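Q: This structure is in structure tokens; I'll ask about it shortly.
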Amino acid sequence: MGIARWLNRTVGFFVFALLDIADFLLCYTYKTLDYFLESERKPCYCSSPPEAKAKTEKIIVSERGGYSKVVSLTRSKIHFDEISDTLYSRGPSLLTRLSKLVRSVKCFNYKGLIMRGNVVESCDHHESKKKISKGKKRLMTLNSTVIEKSSTAPRWSDCHCSFCTSWLTSTNRDSLFVKVQQPKDNKKARDNVVFIHGFVSSSAFWTETLFPNFSDSAKSNYRFIAVDLLGYGRSPKPNDSLYTLREHLEMIEKSVISKFKLKTFHIVAHSLGCILALALAVKHPGAIKSLTLLAPPYYKVPKGVQPAQYVMREVARKEVWPPMQFGASVLSWYEHLGRTIGLVLIKNHQLIEFVTRLLTLNRMRTYLIEGFLCHTHNGSFHTLHNIIFGSGAKLDSYLDHVRDHVDCDVAIFHGGKDELIPVECSYSVKSKVPRATVHVIPDKDHITIVVGRQKDFARELELIWQRTKST
């Protein structure tokens, strides 16, 4: 191990120990604020079910007679296999380990251990069961997952500006926001191209970069469709959603494929969007004309390792350098610190945009700020865990299906200096789909693979689509 690597890990140990303490304190801070501002202490993923207040709207599901974490009800449907275990088992923090040690010592000294056959249960766990039974909650066992019904209204810590809440006043509150660029003069498009953005981004990532730079020929032959994913940009941001893969796919199918009656289409996807693109290819194998994936987050999971946990530790290594890696780690591991970032930055994104324009004399376009800051913590936190981490066990089968059953061109682009998703991920995709072509762009990172080289990338995409037409 080099000195720089050792220093990064050593400093990271102390920094993340402090973040453990901060997140622990913020947990109780938000419970107090939620109670005063929303008249309810909503349970988080570091709380246990007994701490949740017994209300008629809540459903708590037992796991083999015990109790697990409380998560949110997925709107009208409950799909337990879509919920990543990284949400409620991200690994014990320093404070959690210490508190468990103290509780176990107290338990042994004052109450002893409760023996049941070959199972040893702590008295702390036994007391939890007593508290739940006294609360007279209605219990129901469903696929060993705990859920709780919650409200659809934005939380007090979310942004309530007209842009972020435009979906609440829309006539179609159950559809995603879609930006469409049609051929001019009402000419019928020869083909359709669907653009899917990545994590903490929006359709502006495509519409502000690629759309203006396509050639006149492409603009007259293709219909370009860029979508704001569920929870981002001007799309719905339901607070009662778990933002699972199934929900994201259903919304894309409803808002894009069904609405525009797409029989065939090309897909261009970035980062998180690559997972959704592959899932769409599996569901609609005959409709896909080409797949263009930018920085796909595909990690080969070793045998015997829990996929979601492995992917999380690869994406969000607890290191302080580089900065993007540190940011990903904070958002992944710390629920309450992530919410604080949302409270400080997301809730004030309009002020940040104004100051940015003021400091740059209005010479800097702020469309990236829209993507980075126009979402909710609930949406980004669940999407990160349920899609990027939770899909770790699914991508192998998706890629196998694309290789064997989806007859389309597969092109992969990756920045040579991408510090968030390593280039090896793209080569891993090629190892699963040998016909895929990998293009590593030197000196470009996770964002500048498009931003700053949009003209070149627009030409590269057009060549891919033309090649598809000629085959």
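Note that Cβ sites are derived from N, Cα and C of the backbone, with glycine treated the same way.
Note that the structure is predicted; figures quoted are calculated from it, not measured.
Heads up, here are the entries from Swiss-Prot:
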- 1-45: signal peptide (SIGNAL)
- CYS46: N-palmitoyl cysteine (LIPID)
- 193-296: domain 'AB hydrolase-1' (DOMAIN)
- HIS197: active site (ACT_SITE)
- SER271: active site, nucleophile (ACT_SITE)
- ASP418: active site, charge relay system (ACT_SITE)
- HIS446: active site, charge relay system (ACT_SITE)
Q: Near HIS197 (active site), which residues of its chain come within a Cβ-Cβ distance under 8 Å, counting only those 6 or more away in sequence?
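A: For HIS197 (active site), the qualifying residues are SER203, PHE205, TRP206, ALA226, VAL227, ASP228, LEU229, TYR232, HIS270, LEU272, GLY273, GLY371.
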Q: Nearest to SER271 (active site, nucleophile) by Cα, among CYS46, ASP418, HIS446 (recorded positions)?
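A: Out of the listed candidates, the nearest Cα belongs to HIS446.
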Q: Helix, strand, coil residue numbers for the domain 'AB hydrolase-1' (193-296) per DSSP?
A: 39 helix, 24 strand, 41 coil
Q: What is the separation, in Å, between the Cα atoms of ASP418 (active site, charge relay system) and HIS446 (active site, charge relay system)?
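A: Checking the Cα atoms of ASP418 (active site, charge relay system) and HIS446 (active site, charge relay system) gives a distance of 5 Å.
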Q: Does DSSP give HIS446 (active site, charge relay system) helix, strand or coil?
A: coil
Q: Using C-alpha atoms only, work out the spacing between the residue listed as 'N-palmitoyl cysteine' and HIS446 (active site, charge relay system) and round it to an integer in Å.
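A: Approximately 31 Å lies between the Cα of the residue listed as 'N-palmitoyl cysteine' and that of HIS446 (active site, charge relay system).
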Q: Sorted by position, what residues of the same chain at least six away from HIS446 (active site, charge relay system) have a C-beta under 8 A from it?
A: SER271, ALA295, MET324, GLY415, ASP418, GLU419, LEU420, ILE421
Q: Which three-state DSSP class does CYS46 (N-palmitoyl cysteine) fall into?
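A: CYS46 (N-palmitoyl cysteine) sits in coil per DSSP, no helix or strand.
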